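**Q** Here you go, one structure.
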Protein chains: 2
Amino acid sequence: MSEKNREIQAMETGRPGFESVEKGMVSIHGSIHRLRKMSGFSFLILRTAHELIQCILEPEKCEILGPDGAPWEGALKEEMCIRMEALAVEEPRSRTGWELHPARIRILSVPAESMPVVIHGKEIPASLETILDYRPLTLRNERERAIFRIQDALVRGFTEFLQQEDFVQIHTPKLVSQGAEGGANIFRLDYFGKEAYLAQSPQFYKQMMVGVYERVFEIGPVFRAEKHDTARHLNEYTGVDFEMGYIEGFEELCCMEEAMIRHALQKLPELCPQELKLLNVRIPQADPIPFIRFYEAKELIARRFNRPVREKEDLDPEEEKLLCQLMEEETGSEFVFVTHYPTAKRPFYAMEEEENPQVTKSFDLLFRGLEVTTGGQRIHDYAVQLSKMKARGMDPEQFESYLQIHKHGMPPHGGLGMGLERFTARLLEQDNVRRACLFPRDIHRIAP
Amino acid sequence: MSEKNREIQAMETGRPGFESVEKGMVSIHGSIHRLRKMSGFSFLILRTAHELIQCILEPEKCEILGPDGAPWEGALKEEMCIRMEALAVEEPRSRTGWELHPARIRILSVPAESMPVVIHGKEIPASLETILDYRPLTLRNERERAIFRIQDALVRGFTEFLQQEDFVQIHTPKLVSQGAEGGANIFRLDYFGKEAYLAQSPQFYKQMMVGVYERVFEIGPVFRAEKHDTARHLNEYTGVDFEMGYIEGFEELCCMEEAMIRHALQKLPELCPQELKLLNVRIPQADPIPFIRFYEAKELIARRFNRPVREKEDLDPEEEKLLCQLMEEETGSEFVFVTHYPTAKRPFYAMEEEENPQVTKSFDLLFRGLEVTTGGQRIHDYAVQLSKMKARGMDPEQFESYLQIHKHGMPPHGGLGMGLERFTARLLEQDNVRRACLFPRDIHRIAP
């Protein structure tokens with residue numbers, strides 16, 4: 001078998017574009033991604049589910065049929081969906097090492113208008129706003145769609161790892177009667193005459209489920225009504241959440257996350273080699289991820305960059321970048337766990353350090369300059385949780401169903417939530433998190 | 001190695017409860033599920049993530065330490081979380097064939113109050129309402145939690161199958177500017193001063209993504225503001241949705257679903273054998289699933305049960321049951337595809353039959369008397385879609401971003417949406433779909 005045929009057979013396996021290979025003839029379907037008329041022939045780029053394939057179309061050698069099966073009198077157009085029978089021919093100058101010479105094209109659908117944006121170049125020559133306005137079309141660009149194949153591969157890797165570690169996948173409600181994270185950034189709606197909210201995280205529910213299965217995870221939408229209009233915020237994002245019981249410290253959560261990330265990154269080259277190459281992805285090392293305490297990190301940044309500390313109890317975006325830069329220089333790691341965040345900045349369910357209740361047994365994971373995960377150990381004792389809520393001026397009666405678990409026995413436990421789009425964006429070194437979200441939602445955008 | 005040790009080692013593999021096995025001693029953690037005092041000893045049932053394990057506790061042979069590590073002066077209580085070192089002893093009368101004799105118990109947490117419902121029997125002796133009110137606790141019952149391990153296994157099976165078939169998993173927005181299914185059953189909310197809705201399905205988005213990857217799927221929440229208060233309706237449920245391009249007819253979608261269901265059902269005994277046994281699950285055959293046209297089904301039911309036809313263009317719940325009964329008698333299948341639903345009852349994107357535009361290229365899948373899936377081929381031609389919308393009095397401008405795909409080239413395509421809770425409920429022969437939903441949402445319930 002020639003090299004060419006082996007490649008085509010490899011492509012055929014489990015891929016819907018290819019349907020038969022017979023004496024060098026293939027039957028294949030896809031969209032006309034690009035069409036360029038030359039003298040006597042046309043270059044046609046066929047976009048299948050996985051590849052862009054170069055085709056040489058010689059009008060006199062190819063029969064063209066319309067959607068009704070009758071000979072097609074008109075011209076071919078970009079974004080037509082077609083099925084073709086073609087001869088596969090070796091062609092070292094093409095990207096795949098071969099090309100197709102169509103003998104028969106059946107047009108399956110004819111676009112009504114030509115494309116409003118050019119999608120067949122490497123990059124789309126348009127602003128992010130325009131790219132997002134035409135998202136159903138611009139995702140057909142090969143680089144755009146590569147992003148979400150890589151995101152899919154990440155989700156596969158995370159899921160596979162968590163299942164191997166005995167986590168049960170759960171589906172918890174997004175319509176809720178209390179917010180878990182507090183604050184103003186919550187969407188409200190009318191639920192048959194009652195006020196309801198959109199879940200800011202599966203926090204309460206995953207904790208409840210620790211009492212049932214010990215280890216659970218969920219990958220699903222999370223809603224934040226934040227008015228931030230930045231390159232790092234989305235108002236709806238995909239949370240990768242896990243929660244586990246019988247831990248002896250929050251460090252176990254970090255180790256679990258490190259192993260989960262490592263597993264997913266290791267799987268990428270197997271699941272989407274073409275896409276990694278196309279986007280020139282630098283896969284980071286996550287072995288091991290260094291730790292630094294929050295206050296140490298603050299001090300270090302202030303000292304090394306001679307920078308006044310403005311916000312005492314949080315890292316600002318610039319500090320996250322500087323810290324990552326520092327840690328990479330010192331340890332070679334592009335990830336860093338920042339631990340022991342101030343109690344004042346963490347939610348009411350965060351467990352405090354016994355020796356110093358001003359800080360919590362919590363952490364953020366920073367990756368290439370951006371916070372991508374927040375996690376920590378939770379309070380499991382009823383009396384402790386109750387007194388902390390009261391100290392914060394919260395009404396425990398409002399949280400009655402959540403507090404059932406504390407009242408009736410919970411193991412020491414904790415967990416974390418990762419933002420899938422943020423993780424993807426940093427992995428692919430995209431400047432804006434919107435680029436790693438299929439249909440982003442922000443303060444100005446709710447369509448498409 | 002004795003039978004007992006082999007079993008324990010098997011349990012140990014990848015399961016967080018067990019931590020070491022050494023000369024017959026195991027270190028294990030879990031909750032005290034049940035405690036019964038006898039003369040001179042106690043029966044203690046330990047609930048781990050997977051099992052209920054019988055333990056014989058002889059006070060003089062067991063050291064008990066409190067959460068602080070000091071000797072525990074009080075009594076043990078149900079729902080305490082504990083870690084124990086114990087001797088594993090063969091005991092043919094126990095469910096597992098062996099039991100544990102604890103030598104050391106470390107209490108990790110002490111419940112504040114005793115349980116408001118009895119969860120350690122086979123069934124919980126309470127109404128469904130009470131079971132749902134105390135859901136975080138009642139899910140600790142072994143039969144309740146078995147339901148959702150089986151649901152998890154189904155999701156794993158569906159996902160694995162779709163990935164093998166080259167479907168890409170997507171995450172589409174739940175905050176949308178248009179409803180896909182139309183009608184009044186849509187939740188509204190304020191989105192930074194604009195009106196927004198909760199997605200009734202990922203319909204528009206999965207169609208858009210067919211133009212990108214050809215085959216996509218999503219498993220995520222779906223919101224329906226229906227006021228039905230029945231055993232078959234939820235206001236938020238988990239949709240298993242897929243959509244595929246380059247189909248030649250809707251029958252391909254049915255075949256794909258049949259194969260997906262078959263794959264998932266075949267995997268169940270491997271993923272959750274104990275749970276299947278506990279719930280006495282009858283796994284149905286899905287090979288092959290019979291087809292019947294909608295009007296034939298209506299007629300058949302009317303004739304065989306001598307039943308007047310009330311609703312001409314839909315099957316009512318009673319008819320769904322009768323049809324399943326009939327089909328099972330005639331074909332042995334507990335599934336049936338009902339095809340060619342009337343156009344009037346299908347959404348605006350449903351493709352009509354060329355020969356008879358009164359019916360659509362669509363189907364429902366019924367399973368043990370209940371509709372569990374709706375699917376069909378979609379309109380891909382812009383002019384056809386536009387004229388159908390206009391005929392229905394819809395304003396195409398409202399759907400501008402959706403119609404981008406029709407305007408700029410879409411292959412013939414279709415897909416389906418399955419209700420995960422409905423499928424699970426019918427598989428487990430639960431009378432109410434709420435029993436197959438972790439935290440159900442209905443017209444009266446939004447907590448826990």
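FYI, residue positions are counted from 1 along the chain as it appears here.
Note that Cβ sites are derived from N, Cα and C of the backbone, with glycine treated the same way.
Pulled these features from TrEMBL for this protein:
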- B:148-440: domain 'Aminoacyl-transfer RNA synthetases class-II family profile' (DOMAIN)
- B:GLU181, B:ARG224, B:THR374, B:ARG378: L-aspartate binding site (BINDING)
- B:203-206: region 'Aspartate' (REGION)
- B:ARG224, B:ALA225, B:GLU226, B:ARG232, B:HIS233, B:LEU234, B:GLU371, B:GLY419, B:LEU420, B:GLU421, B:ARG422: ATP binding site (BINDING)
**Q** Could you count the residues of the region 'Aspartate' (B:203-206) that DSSP puts in helix, in strand and in coil?
**A** 4 helix, 0 strand, 0 coil
**Q** Would you mind listing the long-range same-chain contacts of the region 'Aspartate' (B:203-206), meaning Cβ under 8 Å and 6+ residues beyond its ends?
**A** 170, 172-173, 176, 178, 180-181, 216-218, 241-243, 347, 349, 402, 415, 417
**Q** Measuring Cα to Cα, how many angstrom lie between B:ARG224 (L-aspartate binding site) and B:HIS233 (ATP binding site)?
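**A** Distance between the two Cα atoms comes out at 9 Å.
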**Q** Whole-number answer please: how many Å between the C-alpha atoms of B:GLU371 (ATP binding site) and B:ARG378 (L-aspartate binding site)?
**A** 20
**Q** Near chain A by Cβ (under 8 Å): which of the binding-site residues B:GLU181, B:HIS233, B:ARG378, B:LEU420, B:ARG422?
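**A** Cβ contacts with A, in sequence order: B:LEU420.
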**Q** Helix, strand or coil for B:LEU420 (ATP binding site)? Use DSSP.
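**A** Assignment for B:LEU420 (ATP binding site) reads helix.
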**Q** Let's check the environment of B:GLU181 (L-aspartate binding site): how many other CB atoms sit within 10 Å of its CB?
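**A** So the Cβ neighbour count for B:GLU181 (L-aspartate binding site) comes to 17.
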**Q** Can you give me the Cα-Cα distance between B:LEU420 (ATP binding site) and B:ARG378 (L-aspartate binding site) in Å, rounded to a whole number?
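**A** A Cα-Cα distance of 22 Å.
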**Q** Under a criterion of Cβ-Cβ distance under 8 Å and sequence separation of at least 6, what residues of the same chain contact B:GLU226 (ATP binding site)?
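**A** Once residues fewer than 6 apart are set aside, B:GLU226 (ATP binding site) is near B:ASN185, B:HIS233, B:ASN235.
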**Q** Which residues, sitting 6 or more apart from B:ARG422 (ATP binding site) on the same chain, put a CB under 8 Å from its CB?
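**A** B:ARG422 (ATP binding site) has long-range Cβ partners B:ARG232, B:TYR237, B:PHE367, B:LEU370, B:GLU371, B:VAL372, B:VAL433, B:ALA436.
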**Q** Using DSSP and collapsing to three states, where does B:GLU181 (L-aspartate binding site) fall: helix, strand or coil?
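**A** In three-state terms, B:GLU181 (L-aspartate binding site) counts as coil.
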**Q** Looking only at DSSP and grouping its letters into three states, which state does B:GLU371 (ATP binding site) belong to?
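**A** DSSP call for B:GLU371 (ATP binding site): strand.
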**Q** Could you say which of the binding-site residues B:ARG224, B:HIS233, B:ARG378 has its Cβ with the most other Cβ atoms inside 10 Å?
**A** B:ARG378
**Q** L-aspartate site residues B:GLU181, B:ARG224, B:THR374, B:ARG378: biggest Cα-Cα distance, Å?
**A** 21
**Q** Restricting to the region 'Aspartate' (B:203-206), what is the model's mean pLDDT?
**A** 98
